Ligand SMILES: Cc1cc2nc3c(=O)[nH]c(=O)nc-3n(C[C@H](O)[C@H](O)[C@H](O)COP(=O)(O)OP(=O)(O)OC[C@H]3O[C@@H](n4cnc5c(N)ncnc54)[C@H](O)[C@@H]3O)c2cc1C
Ligand code: SF4
């Protein structure tokens, strides 16, 4: 016999319940009647803000077209459930209809809390919860000031929405810092700097006393500390309250802090009635995130279908968000409330990043953490909560440190906390053959379908299971890096936003943004810090210098071929002395100046540029150096002028942005003193010219370069190298060095030779023209910053106090030079460690 379950509320959680029931109710034993007060069927409220940034209501919908024709579902939209008759077992609707039920599920969500201050109900005061709210805000937006009340997650999203509408936003937060629930004081400080840097006025530590108005519209917000902010709009984002009125009126018990009281099975005091999602208070606790709601929906579906139900497993309150373009993540015991918890902190005010790990008193178990400014490590760190750390905590805070072997994770580790999917669930699905790419894993397990922060880990697990993953750059583009290169080249697109709007989806991520930035730079589509390009760059590119372990930078001017005049050497010495920099000669035959603070960089560059130096691109995925031996001029064995050739090559290919760094070498005879065969391209002199070797590198997996062509004359060498390098730049994957690229290339070295020597693809002329264009367009990136006040403005330690050096940076002295001040671990709070060059 078919029974009827009535679901009140067609929001995210109500919809998840419907999906679960329809997927698992094979015999069609339940008829589902859904009552939704909003005019739209369920949509992705978590992504609501994207509605202000180009997404449409259709983009946000969670509902597949089949739902509307499913005979087991009656969807009643645009009507409110106004009364529950528990004795007669029916629900009354706002249009007077009555719907009987055998089981009733309350999924009424929350409503935004509006503090009852005088003026809160003036005409241009809004809340931020539904598509209709956002339509109303859009309709009322002006070019004036907008005040957002509440500096939490939703408040910052609302502030961004006002920004996108052309308003000047202010955020008022009663707590002493932004996002007080998710981040600690240190993280709040960095977040505050980043948010202010985006032209949002932040007022923390004060509440709203009243809202002043005229003609029924708000025109100012008066704070409890006396500050008055002129306002053309006010948006309340000061928390939420569970919508429990309907249940309360029907005699259901509610929690002390609101919410319909339920047990671990989401059962109310009435055996036929359940409550799930934000309206429920499980054992008195309400959850304002979607993941616990999804878990509750599964608990109820299991009971209705009698499918081996399990109780509510509790909630992981971890969050990772991008607010106003700023990464923020918090997980586990982020505020170190547990006994004996230690905090290991790395804060880099110059780069605007903050990372804290909370560990057990023996520093061996991860308890939680906070990441601000760069949350890349979240995907790896969150599954480790309450597990033994695979490396010392300070090491895990480094970008490379967080990339450890996923095989080390126990199988019960929860990888997707939004949907409670473990590593075992994922590897089982992959091994069963149902999931052979990210989309397949999402389909089979739901992992990665909510906040998306675990997607990089899904990729790692697929690889661990032996599945070759797609070569799509990331989830925002279906294209590989080489395909995107061709798209940018062919279409003339010169911004990331246009590329993603036309050929991708979403807002982009830490994988695609720098990769596209490098493609745009490789095609000379503007300086790396020009306009929106600046926001795409990796940390080193963002500052045109290499960040070091204590947050300072190293500066490497170009010294082509390693040849330098005494006068230029003296300038380097003088600059190092004036700015108290540590100096070291690099393996690439140049001089590295370490320990510069971000605000010193332009002055150092000015001195160097005045003396005829330019950027050495030590920070970029670009040509670094062409190393040379002394060759025929000085060496009695030399058969060719290796120095002149190295200088010619370095000046030709300087500034060439590529999928990974590029190094070259030129030796004047077969004795190979320049170690040219350990480079991406190595040139070794012969009696009759030059042998060209390609695909070598040092590092973790050293490779010897292989002979591509023998006995080339000077012009032939340049021509072949032009073709080789451009072919690599166009066709390699992101972060693929020439050695790995050559290994992956179909046909290997023979194919490469056919393309760049025999022109088998007929593209040799095109490759040469592209390189000629690069050579012609080259300009020095440092000099371009010095000439542009807008770009120069980026080089400050603190956005809101541009003249203050970062006080956390300290040095000691050793062997007559500075060294970063040492760090000891573990202590309750540890400042520093590194982000590497
Ligand atoms: C801008 C924004 C950003 C967010 N970001 C995140 C995030 O990053 N991560 C995260 O985990 N969570 C986030 N959330 C919270 C998340 O959206 C909620 O946790 C989730 O939507 C809760 O689902 P729910 O079904 O319980 O409630 P809702 O999605 O609110 O759905 C409840 C529905 O019930 C309807 N309803 C209420 N009463 C009645 C009635 N009497 N009759 C008929 N219908 C009724 C409501 O109109 C509503 O449509 C965000 C929320 C917002 C607003
Ligand atoms: S490679 Fe040959 S030419 Fe160059 S320094 Fe060594 S021995 Fe001399």
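The backbone N, Cα and C atoms fix where each Cβ goes, and this holds for glycine too.
Annotation comment: TrEMBL describes 4-284 as domain 'FAD/NAD(P)-binding'.
Taken from TrEMBL, the feature domain 'NADH-rubredoxin oxidoreductase C-terminal' covers 318-387.
Summarising the annotation, TrEMBL assigns domain 'BFD-like [2Fe-2S]-binding' to 414-464.
Under the heading domain 'Nitrite/Sulfite reductase ferredoxin-like', TrEMBL lists 548-609.
The domain 'Nitrite/sulphite reductase 4Fe-4S' annotation in TrEMBL covers 620-756.
Residue 669 ([4Fe-4S] cluster binding site) falls outside any helix or strand according to DSSP and counts as coil. Take the CB of residue 669 ([4Fe-4S] cluster binding site) and look out to 10 A: across all protein chains shown you find 20 other CB atoms. Marked as [4Fe-4S] cluster binding site by TrEMBL: 629, 635, 669, 673.
Counting every protein chain shown, the Cβ of residue 673 ([4Fe-4S] cluster binding site) has 18 other Cβ atoms within 10 Å. The siroheme binding site annotation in TrEMBL covers 673.
Residues or ranges marked as region 'Disordered' in TrEMBL: 806-837.
According to TrEMBL, the compositional bias 'Polar residues' annotation covers 826-837.
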Binding-site residues compared (629, 635) - the one with the fewest other Cβ atoms within 10 Å:
635
DSSP on the domain 'NADH-rubredoxin oxidoreductase C-terminal' (318-387): how many residues come out helix, how many strand, how many coil?
7 helix, 34 strand, 29 coil
Cβ-centroid neighbourhood (8 Å) of the [4Fe-4S] cluster site, 629, 635, 669, 673 excluded:
630, 631, 637, 638, 642, 667, 668, 671, 672, 674
